[in-house]
């Protein structure tokens, strides 16, 4: 261990001891976690997906003006027949016969295949079974404007990329708390203002961009703060609790829209509650560990006192004592993203991780959008795709701890690939909607397992100085490619509904191959320095399942900082 590494380790150990003295598993931590990592994440998850839900395209046909109360039941006389994306011969959604329908009593000749067709001249009639009002039905974003919604989906993904890149760095520069407060404000304001802009498409798209800009940091910031004030043993549980909040939000959002049926009120009800989380100043703290790392010791003490007060522990440390115990550490010099490609082995690991991220993100977003177009009740389709995430994460955690991250990730990718094959075989057969929906949920189940394993691998493969940079870079790059998801869905809905599942199967097969060549991180000492990162996993055997190492109790010297801290806090257990 180098001198700098020893100093950093001593600093971290000293701060951990301070947190133990004021309580690192007390009422403050659990209340903070419930408020900001469960309830707030639930509300924010609903806000994230609300704009995607209201852009679903319901079944539609050309509107036919008629005299009095007359209606047309003979659709073959009105609409030309065409093959839809499911391979069914159905009346056209976007064309009508070029004939007069105002008065059928005089000079009426039934339309035939030779009759000329035209685009819808009088607007559209929409299936109101599930939706009363959406921006699609209000502004007729169908047929020649069907790409309007698809483009918004892609803009949302680009916005998430830009927000992760900019706000992720700001979180390390100006702090986690201001970035979090900015995130929830932009999300709520962007979504609510979008209600009044649907008639101006590009303004609506801009507001969708603003509302999605802070998607990732609104989850990352409170989780990082929670991890930095909690004991190590609780950190995995904190991630799982946040996933519970996310899953609950994703499941509730379609049910709320199903109940309300009107997109304007739905956007208000699911966006404005995010602002409620400005109302917890006692618990909305900045990370004291981050403040100490920036040399802002006075502010750090203020946050530590908040935690100590709620946890019922006395705290009498002065700023000078804190500065002595936790000196501002010297960090290993890195070059940001460029360091992820430092040397052949590190470059190979980065490329394999990026490929796995891409192969996970595209199917995730594609399946979400497809759930709105799969037939049957779109809200229940979306609900079940969200509900399946929690058991998938639980199974993912179990498998990752038993057989390792590498085999879990690659095996789940392969299982998801195989689950796509019967969908391709069944989707054009009449009466198979339920089977197709269930199989799509199975695909989503395995994709969620790959996400859990992949996130662990990204955190554990990179050295400490690159851990957050490497994980954020993977998310950014995958979101760039994830923008292809809406166009894959559009290809399916406008051409053949089998094509998205064929594309996803091929993509996830690539993911299975890339994941199997990553080194195993279970029960491995994680790399701390750049040199350790460049060597990590080089000597691993390919087919070995890691075994838990035997631990032996060894006496460890008590460092000077910890001795001084013990004298200052004799009350600590």
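Cβ coordinates are placed from backbone N, Cα and C, and glycine is handled just like the others.
TrEMBL: automatically predicted annotations, no manual curation.
Positions annotated as transmembrane segment by TrEMBL: 34-57 (among others).
The domain 'Major facilitator superfamily (MFS) profile' annotation in TrEMBL covers 111-523. Confidence for the domain 'Major facilitator superfamily (MFS) profile' (111-523), expressed as mean pLDDT, is 85.
With a cut-off of 8 Å between Cβ atoms, the residues of this chain six or more beyond the transmembrane segment (177-196) that come close are 40, 44, 47-48, 50-51, 167, 170-171, 204, 207-215, 217-218, 221-222, 225, 263-264, 267-268, 270-272, 274-275, 277-278, 284-287. Residues or ranges marked as transmembrane segment in TrEMBL: 177-196 (among others).
Among the features that TrEMBL reports, transmembrane segment is placed at 202-226 (among others). With a threshold of 8 Å between CB atoms, the same-chain residues lying at least 6 positions outside the transmembrane segment (202-226) that come near it are 29, 32-33, 36-37, 40-41, 44, 47-48, 51, 135, 151-152, 155-156, 158-160, 162-164, 167-168, 171, 176-177, 179-180, 182-184, 186-187, 189-191, 193-194, 238-239, 242, 246, 271, 285-287, 475.
Within the same chain, residues 33, 37-46, 48-50, 53-54, 219, 223, 226-227, 230, 263, 266, 269-270, 378-380, 382-383, 386-387, 389-390, 393-394, 397 sit at least 6 positions outside the transmembrane segment (238-257) and bring their C-beta atoms closer than 8 Å to a C-beta of that stretch. Positions annotated as transmembrane segment by TrEMBL: 238-257 (among others).
Marked as transmembrane segment by TrEMBL: 263-280 (among others).
The transmembrane segment annotation in TrEMBL covers 349-370 (among others).
Per TrEMBL, transmembrane segment is recorded for 412-428 (among others).
A Cβ distance under 8 Å defines the sequence-distant neighbours of the transmembrane segment (434-456), meaning residues of its chain 6+ beyond its ends; these are 353, 356-357, 359-360, 363-364, 367, 370-371, 374-376, 381, 384-385, 388-389, 391-393, 395-397, 399-400, 405, 408-409, 412-413, 415-416, 419-420, 422-423, 426-427, 471, 501, 504, 508, 511, 515, 521. TrEMBL lists 434-456 (among others) with the feature transmembrane segment.
Summarising the annotation, TrEMBL assigns transmembrane segment to 468-489 (among others).
The transmembrane segment annotation in TrEMBL covers 501-518 (among others).
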